[in-house]
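Worksheet: one structure, shown below.
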């Protein structure tokens, strides 16, 4: 993105405040463009009126991310990689979190192939209000047989998740593309020996392609430039991922050099980067648990330092869970705390005799409390108070959680402690105990101080509920 101020974007808008984009003013729409929650094409006058054609083209150029954004796959499960504008998250945010693809081979029998593919497709981990997923499958041609590879690709494509077709043999890649040409797979990879044939395949089938040059940045840049000049736009860079020692250090340094150059304006290398933690299994580690451990460590290294897409092997929970959790954490937008809606929630099927509690609307706090309650079979009413997405202790200390805020939250939720429950009692977090007296005055209700940690709620309820 070449501009970072709404005022700069505003110059390219119609400046009529017509409201057709859904915003009250053109300046409000300009703000959406800068924070990337809106697109120039969402302004109807820019698109429809010929006099704005040049402004639209220039605005799209200025707003385009420094690192090219690429889509892999089709439909609801399609994934985007790249699209970043900064080297450090605190300067804006990182976009399009690292995508995790897990390998299968064309020598696996059909049952094992489908079982592993479906394991990737069906993976779900609920975390802070959302499901974390694995992103796709990388089909490796071990046989080097076009027919076998095509058969494997066909079976995997039926599951409906994004694919990477992996072979250095253009004939094998072509066979795979023939059966998956409408699935927009990523093809891996073009190198100094096969670049011409693989480039032709990328153009013929209009699919994204990986260019690969292990520990040779000049060669990698030359390949990327050659492909771009040939009209191939969707390019992914593979600078090589060595699993240990000096090679791993060099790989890490190469990732830094590539991303820094791309962000600083070198358009010839401003593409997403592929990491290959799967090489941990080629490092001579005989114990599969140790190999998976090292693969996960490598995945962590390159998630933190600009790996946009990865190919991995282990599907054990001790490997996949750290991988997806770290990616989710690194790519959380620091500009906006993760928050739930401020309202009254039901835990189980509460009635007029059920206890009433509140916590803040910081998502991690809310879901921790909700989980501790539901997992212990505690049926209750749980109010999320709007604290701008800040946790209980910090919000109570900083003034975002006050008796007035809690009273307002009850009123906005439409919940009346005197009418909707028989006990006229509310339980507050132990970390907000200072609010007890003020809340009793504001709410006209009995206020009980709960434990400091929601994990202690079951024991607290045994001793203190129902109130005497």
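Using the three backbone atoms N, Cα and C, a Cβ is placed for every residue, glycine included.
Fair warning: this is a prediction, and the values are worked out from it, not measured in the lab.
According to Swiss-Prot, the features are:
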DOMAIN    1-60  domain '4Fe-4S'
BINDING   18, 21, 26, 43  [4Fe-4S] cluster binding site
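Where Swiss-Prot records a feature, it is marked here on the structure.
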| residue | record | CB count, 10 Å |
| --- | --- | --- |
| 18 | [4Fe-4S] cluster binding site | 13 |
| 21 | [4Fe-4S] cluster binding site | 23 |
| 26 | [4Fe-4S] cluster binding site | 22 |
| 43 | [4Fe-4S] cluster binding site | 26 |
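Take the mean position of the Cβ atoms of 18, 21, 26, 43, the recorded [4Fe-4S] cluster site; other residues of that chain with a Cβ within 8 Å of it are 13, 14, 16, 17, 19, 20, 23, 29, 44, 45, 46. Averaged across the domain '4Fe-4S' (1-60), pLDDT for the predicted model comes to 91. DSSP places the residues of the domain '4Fe-4S' (1-60) in helix, strand and coil in these numbers: 33 helix, 0 strand, 27 coil.
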